[in-house]
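Report on one structure; see the data block that follows.
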Number of protein chains: 2
Amino acid sequence: MPHFLNTQDTDFEARFVELLAMKREDSPDVDHIVAGIIADVRARGDDAVLELTAKFDRMDLTADKMRFTDAEIDDYCSQVSPEDRQALNLAATRIRDYHLRQIPQDQMWTDMDGATLGWRWTPVSNAGLYVPGGVATYPSSVLMNAIPAKAAGVKRLAITVPTPDGVVNPLVLLAARIAGVDEIYRIGGAQAIAALAYGTQTIPPVDKITGPGNAFVAAAKRRVFGKVGIDMIAGPSEILVIADKNNDPDWIALDLLSQAEHDESAQSILITTDADFGTAVAKAVDKRLETLERRAIAGKSWADFGAVIVVQNLDEAATLSDRFAPEHLELCVDDPDELSLQIEHAGAIFLGSYTPEAIGDYVGGPNHVLPTARSARFSSGLSVLDFMKRTTLAKMTPSALAAIGPAAERLAKSESLEAHGLSVRARLDRLNGDHDE
Amino acid sequence: MPHFLNTQDTDFEARFVELLAMKREDSPDVDHIVAGIIADVRARGDDAVLELTAKFDRMDLTADKMRFTDAEIDDYCSQVSPEDRQALNLAATRIRDYHLRQIPQDQMWTDMDGATLGWRWTPVSNAGLYVPGGVATYPSSVLMNAIPAKAAGVKRLAITVPTPDGVVNPLVLLAARIAGVDEIYRIGGAQAIAALAYGTQTIPPVDKITGPGNAFVAAAKRRVFGKVGIDMIAGPSEILVIADKNNDPDWIALDLLSQAEHDESAQSILITTDADFGTAVAKAVDKRLETLERRAIAGKSWADFGAVIVVQNLDEAATLSDRFAPEHLELCVDDPDELSLQIEHAGAIFLGSYTPEAIGDYVGGPNHVLPTARSARFSSGLSVLDFMKRTTLAKMTPSALAAIGPAAERLAKSESLEAHGLSVRARLDRLNGDHDE
């Protein structure tokens, strides 16, 4: 049974706060193990990576076998059915079209003082993408990480994907090829993150690492942050659906279950203006759970973290949603565009009953790597900007320096940074000398 | 004596790599202390903050004295000289003008399949800015952090600034007022970061924390990352100057010293096409060091980490500069604009001999919070974007869903996420039913 709340209940606020604060992540403390792995890879390079791969993935590799050859990739790709290939291509095209629009503009202008100012965006040169292996290996995540990188202009994009016991997912390799990935290595875990960050004899280091992974991968990303850039550390997935009674309860049930089936720690919440509709959705969830393949996972997630919240009106729904700052927000109401204007904090919004969240996971176009655990209050989904950086530019003419230099000198003095002031003063003196003498 | 390198020397590459790898940061491991402070503030709120403030800042506060009152701020602001006030106002105006241009555009479009897609930017609601107290308290940093936040649209902006032994810098309060800061608290250290992140009885929590600080503050920011957003963890400052012989050696010397005077761990590097000019600059540095107020700090930084590198031509200079990915890059050459096009990795570029880096620290307009320690390879200076986040939007019509839904269903199946596929299938069935029956 999920949690049932009604804003009219006297204990509503307390229960809502409890729901907000629910600790959903069970992250074992693996930091000391990961620190050892990183130190080992830094010290011994390939040898360390190969030993760890033998140990954790039961794969006896040699350095020259770490990277998939083009022929191997060809071979795996040829195993993909035409239907799957077509679906991947459609997804890739739509994701690429969306992300190419995110490429930011450079700007440069000259102000009234004669100072020319601006900025210029450039891509990260080398990026690495971690792809989980085994059960939770998702070709869609390859597209969602690799396509923005390539759209940004990343020259060299490397993937690491573990192949425990030699198991390879051909769809992952095909997705990488479609996205234009340059190198694919069959390694994983913290050792893959260390190899990407510090480089080995075989794997040149990268500047930025993105992609999801288990607790070891997440801890390793935290540790190498600073040496390289990283994306967010993603938590369990979550969805919030705001739906009025004019919806098919089964559709909404399936949308809630499509998050719940990810992970026992996932969270699915329905906010509705109609209590009977809420009950109907909960019933529809139970019915679907009878036959769902991943019913064990989805059922536990729904029972532990699922919630149905009955509100008086849509304004109340929007306010509560903003307090959750959900990763995914579906607005299944008459005028979803209007309601969306009231939302300040959400990773992605799906407008209307014909936009199930699953569309966004695969083929909509927007990225499916989104801020979890209320971090949409301060962060955004993955985008082209994650693979670019901005250099600011400033150019003074002598007269611009004469206009604004004295203020800089004054502030430098107030901060007791004498050389700062002198570097301006020396130039101003020359200008005064040129003009006055 | 700084390091002297010449690309023609046989050991150049080895010495250059050594220079690149030079460990400049002495960060004591204070993580366990900081973890205790954060836990204490979370558990006891104001009481913990007050006790720690008494201990570290020798300030006996009560909860109702933590925040500066408007009258107190008025009083301190009135102590600022008209000249300093004018300089701060000029700086604030220029910084605001620059950052307002960074506000990103929302986009929304409908594609050929009938899918409406886009994104919308919204500000972070609550932000906190850490301002160091004591010697290194910089009003310019208040402007550089607070103005982008307010330009982004942050509703509530709180500052914490420790006042050890009761010492208050009136310029810091005036800078905060000019920048539109809403709340100022006289607390600091890891306890201030904990209070901002988790809130206390007196200080409501924020969603994002920016601003520089000592090792305790940096460790606390790392620890609260995830609960709130943070900006980068800044390392020691650094400058790289590319200069040809047509420069006044004294100007370049002062530019190098204006980084060196920040910190014994700062790094100042000159790359020049003329060996004699390099020697002349080194001499000019020595001469200025004789009288510079902060000569102890600047002298040590220059001796330990300073370098003069002689290159054959400007192409070589640009290539080496990109390997440093410097925080600040000055191009004192005939055609700095042209040379800047060869630069891929730099936090900020200062074009031409009349643009000393100190201009950028105070009044240029661009932000002076910039990526250090080679992180310009993957990150950018502080900007309006650090105080905003993006929500993606997607809206399918029934016909758009009919066009792209089957591909989503196919990919969901390939990832064994049945409910994802069913959430699309249920809608497609309805559409088919509507059409066919």
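Going from the start of the chain as shown, residues are counted 1 onward.
Every residue, even glycine, has its Cβ placed from backbone N, Cα and C.
Straight from TrEMBL, the features:
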- B:Tyr130, B:Gln191, B:Asn214: NAD(+) binding site (BINDING)
- B:Ser237, B:Gln259, B:His262, B:His328, B:Asp361, B:Glu415, B:His420: substrate binding site (BINDING)
- B:Gln259, B:His262, B:Asp361, B:His420: Zn(2+) binding site (BINDING)
- B:Glu327: active site, proton acceptor (ACT_SITE)
- B:His328: active site, proton acceptor (ACT_SITE)
Distance [Cα-Cα, Å, rounded] between B:Asp361 (substrate binding site) and B:Glu327 (active site, proton acceptor):
12
Check each of the binding-site residues B:Asn214, B:Asp361, B:Glu415 and report back the ones whose Cβ is under 8 Å from some Cβ of chain A.
B:Asp361, B:Glu415
If H, G and I count as helix, E and B as strand, and all else as coil, what does DSSP give for B:His420 (substrate binding site)?
helix
Would you list the other residues of this chain near NAD(+) - those whose C-beta lies within 8 angstroms of the C-beta centroid of B:Tyr130, B:Gln191, B:Asn214 - in sequence order?
B:Pro132, B:Thr160, B:Pro162, B:Gly188, B:Gly189, B:Ala190, B:Ala192, B:Ile193, B:Gly213, B:Phe216, B:Val217, B:Ala220
At the Cα level, what's the spacing in Å between B:Ser237 (substrate binding site) and B:Glu327 (active site, proton acceptor), rounded?
7
Between B:Glu415 (substrate binding site) and B:Glu327 (active site, proton acceptor), how far is it from one CA atom to the other, in Å?
43
Looking only at B:Glu327, B:Asp361, B:Glu415, the recorded positions on record, which one has the least crowded Cβ, with the fewest other Cβ atoms within 10 Å?
B:Glu415
Entry from the binding-site residues list B:Asn214, B:Ser237 having the most other CB atoms no farther than 10 A:
B:Ser237
Calculate the distance in Å between the alpha carbons (Cα) of B:His328 (substrate binding site) and B:Asn214 (NAD(+) binding site), and round it to a whole number.
21
So among B:Tyr130, B:Asn214, B:Glu327, all listed as recorded positions, which is physically nearest to B:Gln259 (substrate binding site)? Use the C-alpha atoms.
B:Glu327
